[in-house]
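Copied over from Swiss-Prot:
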type	residues	note
ACT_SITE	K33	active site
BINDING	G13, I14, G15, K16, T17, V18, E100, G101, A102, G103, P184, R185, L186	ATP binding site
BINDING	T17, E100	Mg(2+) binding site
BINDING	S37	substrate binding site
Amino acid sequence: MSLRFVISGTDTGIGKTVFAAALTHALEAHYWKPVQSGLEEETDSQTVARLAGASHARILPEAYRLKTPASPHLSARLDNVSIDPARLLPPRPDGPLVIEGAGGLLVPLTDRLLFADIFALWQIPLILCARTALGTINHTLLSLEALRHRAIPVQGVVFIGDEDRENERVITDIGAVRRLGRLPRLPELTPEALHQAFAQHFNLADFLEVPA
């Protein structure tokens, strides 16, 4: 079976789309964003295509494209759309697949369904993106508890931001989770700079073996 990963985060706006682009490039993977909320600016799929240098064929169409940049349950309500979980089954392309959620794990898709509930059904190894800054210990450990409560397989944690060895140590030790690497903030976010940063700060072998 081809490699498949879910990319989620401890919060919104932490850089998980940028990391998803880096991983998509490194694995020469397909990319899928199940639900896109907000269409006026560059979408996550467009960002990944640009930063990963991925062809149109490797960027799989979203199941839902919602106009309002908000939590999917609200965006869908404003668009008069009903999100059907049956439409959120992961595609099976020929080759690796990177799937990106929205916001954090407990972001609602509907009034009764969270992203974490869908991830639990999928049973695809999840990579948790976390900040390095103040507050990340609590946010990340809570996210890991939510994952384990639902028996979602965890590939590891990716830190994003300036180096903070103590925060990273505490999270990996107390959270009993693998540190996959840290993506630093890039002065200029170009495809070349991103690919170089991934090569310098991550070991691709960590993404070629998945939890049993």
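Going from the start of the chain as shown, residues are counted 1 onward.
Glycine too: its Cβ is placed from the backbone N, Cα and C atoms.
Feature annotations (Swiss-Prot) mapped to structure.
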residue: G13; record: ATP binding site; DSSP class: coil
residue: K33; record: active site; DSSP class: coil
residue: E100; record: ATP binding site; DSSP class: strand
residue: P184; record: ATP binding site; DSSP class: coil
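The record assigns G13, I14, G15, K16, T17, V18, E100, G101, A102, G103, P184, R185, L186 to the ATP site; their largest pairwise CA distance measures 23 Å. Same-chain residues at least 6 positions away in sequence with a Cβ under 8 Å from that of K33 (active site) are, in sequence order, T43, D44, S45, V48, E62, I99, E100, A102.
Distance from the CA of S37 (substrate binding site) to the CA of P184 (ATP binding site) is 26 Å. With every protein chain in view, the residue among the binding-site residues G13, G15, P184 whose Cβ has the most Cβ partners within 10 Å turns out to be G15. In sequence order, L66, T68, P69, A70, S71, P72, S75, A102 make up the list of same-chain residues 6 or more apart from the residue listed as 'substrate binding site' whose Cβ falls under 8 Å from its Cβ.
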